[in-house]
Amino acid sequence: MSDNKSKSDHETVKAKQETESTGLSRRGFLGTSAVASVALAGATALGSVVFTRETWAAAAKDAQSKVHVGPGDLDDYYGFWSGGHQGEVRIMGIPSMRELLRIPVFNIDSATGWGLTNESKRIMGDSAKFQNGDCHHPHLSMTDGKYDGKYLFINDKANSRVARIRLDVMKCDKMITVPNVQAVHGLRLQKMPHTKYVFANAEFVIPHPNDGSTFDLQDKNSYTMFNAIDAEKMEMAFQVIVEGNLDNTDADYTGKYAASTCYNSEKAYDLGGMMRNERDWVVVFNIPRVEAAIKAGKFITLGDSKVPVVDGRRTEGKDSAFTRYIPVPKNPHGINMSPDGKYFIAAGKLSPTCTIIATAKLDDLFDDKLKEPRDAVVGEPELGLGPLHTTFDGRGNAYTTLFIDSQVVKWNMDEAVRAYTGEKVNYIKQKLDVQYQPGHNHASLTETSEADGKWLMVLSKFSKDRFLPTGPLHPENDQLIDISGDEMKLVHDGPAFAEPHDCVMARRDQIRTKKIWDRNDPFFAETVAIAAKDGIKLETDNKVIRDGKKVRVYMTSMAPAYGLPEFTVKQGDEVTVTITNIDKIEDVTHGFVMTNHGVSMEISPQQTASITFIADKAGLHWYYCSWFCHALHMEMVGRMLVDKV
Ligand code: K7E
Ligand code: CUA
Ligand code: CA
């Protein structure tokens with residue numbers, strides 16, 4: 001990290017900015033009554049004064065009334081949170097911060113049977129063998145730069161996957177593994193004219209082919225790739241080989257460009273090596289040029305994969321047609337497109353700055369009309385220590401998280417651009433302490449042209465003393481900040497289980513969900529087709545079909561009874577239970593659990609769900625409904641008799 005000298009320089013700048021800008025210096029505000037500071041994680045505490053719980057509670061009181069959503073009232077925004085290495089997506093109501101639902105994606109879920117049912121296993125495909133995931137970046141599909149309510153996409157860093165969630169039923173409906181890469185991290189969507197592509201960065205450099213013959217990362221056959229996935233088909237569209245590695249990404253408002261940060265331009269394998277270069281870069285991708293090359297057949301494929309691959313690396317110091325590399329201070333992290341479409345903003349992480357890249361200069365950059373790639377940079381504001389991610393209020397202000405300073409800094413973009421030309425202007429508007437060590441932040445509708453500057457979520461990585469102690473493992477702290485006025489006001493602390501890296505918020509009118517399933521929904525169409533082959537009418541038939549050692553048990557469910565109160569199979573049979581919930585009443589979900597068999601699933605109104613298991617234990621086995629559905633829910637049971645063979 002920075003040495004002592006630059007740290008103290010920075011401290012001075014920071015203190016000055018605080019007093020000059022808003023007149024609302026934290027130190028001034030707290031005066032001498034400020035109490036003993038809490039040690040900050042990361043061992044880089046800079047002696048900042050820290051609020052006590054009591055101070056915060058008092059200061060937040062008036063703002064808190066804005067967060068209160070009374071019993072029976074509805075929230076204004078849907079929030080979609082990644083569950084990090086827990087593997088799911090969570091739906092929150094904003095501003096109440098009430099958790100509404102969880103959508104299992106890369107994890108196994110006992111309540112819904114995700115990862116256990118045949119329908120979910122088909123969606124997970126070959127990767128159903130994995131029981132973990134590590135999701136970071138949930139993003140909503142767009143048309144014309146606005147949320148269109150169709151899909152949410154999310155990455156899985158752990159197993160190099162991308163998944164899609166249908167927003168009408170809030171279920172994952174597609175999942176793909178990105179070929180020939182390791183660790184899909186940064187993920188963002190094309191905004192214009194609509195979300196045709198999901199852009200996904202593979203983070204780690206690996207040898208190609210990765211056949212065990214080399215450990216060498218410096219070789220020219222060691223690289224990583226930028227990936228574009230067809231959002232509608234959920235198939236790979238193309239891959240671009242890059243220099244260095246890839247971290248985060250975002251796309252512009254013309255549909256032409258995407259840009260990614262690279263922190264390992266060194267292609268190093270260890271910490272020291274990855275910090276060796278003074279500068280890494282932002283790589284900009286020219287999407288139409290990639291498409292044109294592929295259309296012209298100018299691409300390669302790798303191994304068994306049929307995905308078109310183009311080379312975005314430099315040859316003999318010359319840039320490829322597809323990419324430009326813009327040097328930025330070492331080891332950048334987040335990259336965010338401003339809602340006015342003007343700037344890509346890369347956060348410095350090891351540098352106390354953000355780098356502002358003007359989209360208006362990108363055509364010239366690709367036509368080689370700039371003297372050097374750095375000429376696309378129009379600002380590099382000094383913001384504080386450990387800038388990670390930036391979000392926007394649609395009023396010209398940016399909000400950047402400062403991991404090491406444990407703050408969010410609000411700054412004005414156009415003023416920062418003017419300051420870069422030498423003009424004396426103080427672009428810093430406010431610094432707000434957060435608790436503690438923030439990663440992503442996200443303002444309402446910030447990724448769309450409709451950024452409305454109402455709410456700011458700050459996803460703090462450490463909660464320390466903010467909640468009742470829970471043992472060595474602490475929750476994260478998702479903090480809600482009111483940004484509707486001139487001043488940021490912290491209004492809510494939201495404990496969250498590991499680990500929401502990122503979140504998005506959509507207006508509630510932008511999400512339109514189904515109340516009950518359509519009988520012809522593709523989610524369970526394959527199960528319906530299997531039943532049709534068995535001559536079963538799912539809505540009425542209760543039948544057991546034997547097919548060699550395979551037994552298919554079909555039944556209905558209607559509160560508070562299954563269509564089959566009992567069925568018999570033989571020991572060793574592979575049993576598939578398919579249940580159709582013929583209840584048409586919203587919210588009457590049934591479940592099916594076969595005791596002592598690892599079998600559990602959800603069957604919501606008008607849904608068909610199926611699950612397969614081996615009846616390996618002779619005897620009587622009860623099955624029961626696991627979702628409370630009726631006064632006689634406990635009595636919603638049945639028995640399976642397994643004949644000894
Ligand atoms: Cu900063 Cu994965 Cu977006 Cu975590 S990433 S914070
Ligand atoms: Cu059906 Cu509980
Ligand atoms: Ca580096």
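The first residue you see is number 1, and the count goes up from there.
Each residue, glycine too, has its Cβ placed from N, Cα and C.
Caution: TrEMBL annotation is automatic and unverified by curators.
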- Binding-site annotation, TrEMBL, Cu cation A1: partner of CYS625, CYS629, MET636 in HIS590, HIS597: HIS590
- Task: Give the residue counts of the region 'COX2-like' (549-645) per reduced DSSP state, in the order helix, strand, coil.
- Result: 3 helix, 54 strand, 40 coil
- Select the closest residue to GLU266 (Ca(2+) 2 binding site) from the following binding-site residues, measuring between CA atoms: HIS185, LYS461, HIS501, CYS625, MET636. HIS185
- Expected list for ligand 3 (Cβ under 6 angstroms, binding-site residues HIS136, HIS137, HIS333, HIS590, TRP627) reads none
- Message: Name them in sequence order: residues not among HIS590, CYS625, CYS629, MET636 whose Cβ is within 8 Å of the mean position of the Cβ atoms defining the Cu cation A1 site.
- Response: SER557, ALA559, PRO560, TYR562, GLY591, TYR624, SER626, TRP627, PHE628, HIS630, HIS633
- Which one is it: of the binding-site residues HIS137, MET274, ASN331, MET636, whose Cα lies the shortest distance from the Cα of LYS461 (Ca(2+) 1 binding site)? HIS137
- A 10 Å Cα radius around HIS136 (Cu cation Z2 binding site) captures, of the binding-site residues TYR263, MET274, HIS333, CYS625, HIS633, MET636, exactly none
- Message: Please check the binding-site residues GLU476, CYS625, TRP627, CYS629, HIS633, MET636 against ligand 2 and give me the ones with CB under 6 A, sequence order.
- Response: CYS625, TRP627, CYS629, HIS633, MET636
- Of GLU266, HIS440, LYS461, HIS501, CYS625, HIS633, listed as binding-site residues, which ones have a Cβ less than 6 Å away from ligand 1? HIS440, HIS501
